[in-house]
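Here is what TrEMBL says about this protein:
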- Lys39: ATP binding site (BINDING)
- 255-265: compositional bias 'Polar residues' (COMPBIAS)
- 269-281: compositional bias 'Acidic residues' (COMPBIAS)
- 9-306: domain 'Protein kinase' (DOMAIN)
- 250-282: region 'Disordered' (REGION)
- 332-353: region 'Disordered' (REGION)
Amino acid sequence: MDVAVVKQLRRIRTLGRGASGAVVWLASDEASGELLAVKSAAAGGAAQLEREGSVLTGLCSPHIIPCLGSRAAECGEYQLFLEFAPGGSLADEAARSGGCLPEPAIRAYAGDVARGLEYLHARSLVHGEVKARNVVIGGDGRARLTDFGCARAVDSLLPMGGTPAFMAPEVARGEEQGPASDVWALGCTVVEMATGRAPWSDMNDLLAAVHRIGYTAAVPEEAAQRQVHRSAALGSPFVASAAAAGDYKAAPAKQQYTSPKSTLQDALWDSDTDDEDADETPAERIGALACGNSALPDWDSEDGWIDVCHQVHRGADSPPADVGYDLVWPEESDAEREPSAVAADDSNGIPRNAVVTDSSIWQYSL
Ligand SMILES: Nc1ncnc2c1ncn2[C@@H]1O[C@H](COP(=O)(O)OP(=O)(O)OP(=O)(O)O)[C@@H](O)[C@H]1O
């Protein structure tokens with residue numbers, strides 16, 4: 001019987017890390033050299049990541065990061081396998097450009113995000129956390145939406161969430177989170193690209209900022225100047241010109257690791273976890289809106305440099321099954337992670353035609 005190892009992935013290093021505990025790794029396929037991003041959550045965040053994967057799996061747009069598969073590991077950990085975006089996030093790109101991006105680049109990236117949102121909204125989905133850190137630049141130089149941890153159906157009864165500084169007024173007030181809220185956040189992202197800072201970063205009290213968003217007519221100054229109109233992103237003068245002009249084409253990013261950097265201000269979020277002593281204050285309710293995964297990653301961590309063994313053994317017979325996209329994660333040298341196979345159509349774990357050994361996965365040809 002033919003036996004074939006489908007893919008052996010080698011973990012290279014950390015690309016990003018969220019407050020929820022999710023970590024995004026760069027990994028390479030040993031055989032082809034193909035690079036992948038692996039978003040991984042421990043047991044506590046596994047359900048949220050699985051939900052994120054189920055949203056992403058149904059999407060297909062050049063402006064949304066493709067999900068290539070997923071797997072649930074024995075220890076309760078969950079992993080999403082994503083197309084690697086070698087340009088990193090828009091926040092990384094702004095940092096590389098000295099803190100902010102030139103206007104042609106902002107127009108082009110905003111146009112890409114607007115098209116991604118248009119695609120989502122046409123499917124009655126809301127991203128829920130548009131910001132520079134959640135938009136990555138693909139190998140073709142175009143921007144793609146990522147991080148669907150706060151994504152929701154338009155009519156969802158799930159709690160609203162997102163990153164406070166990017167919240168639209170109706171989200172800050174806890175009223176609704178719809179397509180217009182994403183467009184507001186796109187405007188905030190334009191501010192971020194233009195200034196290198198999140199909107200409202202002049203305010204050092206998070207809850208005061210969210211109260212200002214929700215209960216005053218204030219708008220981020222740059223967004224107003226750039227006329228990013230929340231009710232019609234692609235129709236707005238600023239973004240429409242990006243869509244039509246073609247005045248900027250980002251250089252295709254090389255298929256290589258790009259060191260992530262932060263230009264955002266951690267201090268803005270310091271009060272996010274502060275306890276409020278009053279039971280039913282607006283501030284408390286506003287504070288509860290923040291998604292658990294909305295804080296900034298720890299870019300300074302030394303984690304992620306892990307050598308991976310790729311010892312393999314031949315397996316025994318196993319019944320065949322229909323399996324789509326399969327990946328194999330070999331056992332790591334630190335023995336922290338169990339090896340297993342990944343199938344896009346079997347998010348619960350090992351494909352039925354796979355054989356697990358102590359150190360690898362073998363899979364029968366179908
Ligand atoms: N496909 C990818 N290719 C390259 N880098 C990526 C990819 N996906 C994510 N990253 C990097 O990892 C970072 C974190 O990813 P993501 O936002 O999905 O994680 P998260 O845990 O939900 O973080 P948070 O919610 O705090 O933004 C991104 O800002 C980006 O720098």
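Cβ atoms are placed via backbone N, Cα and C, with glycine included.
Keep in mind it's a predicted model, so treat the numbers as computed, not measured.
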| Including all protein chains shown, what's the count of other C-beta atoms within 10 A of the C-beta of Lys39 (ATP binding site)? | 26
| said: Averaged over the domain 'Protein kinase' (9-306), what pLDDT does the predicted model reach? | reply: 79
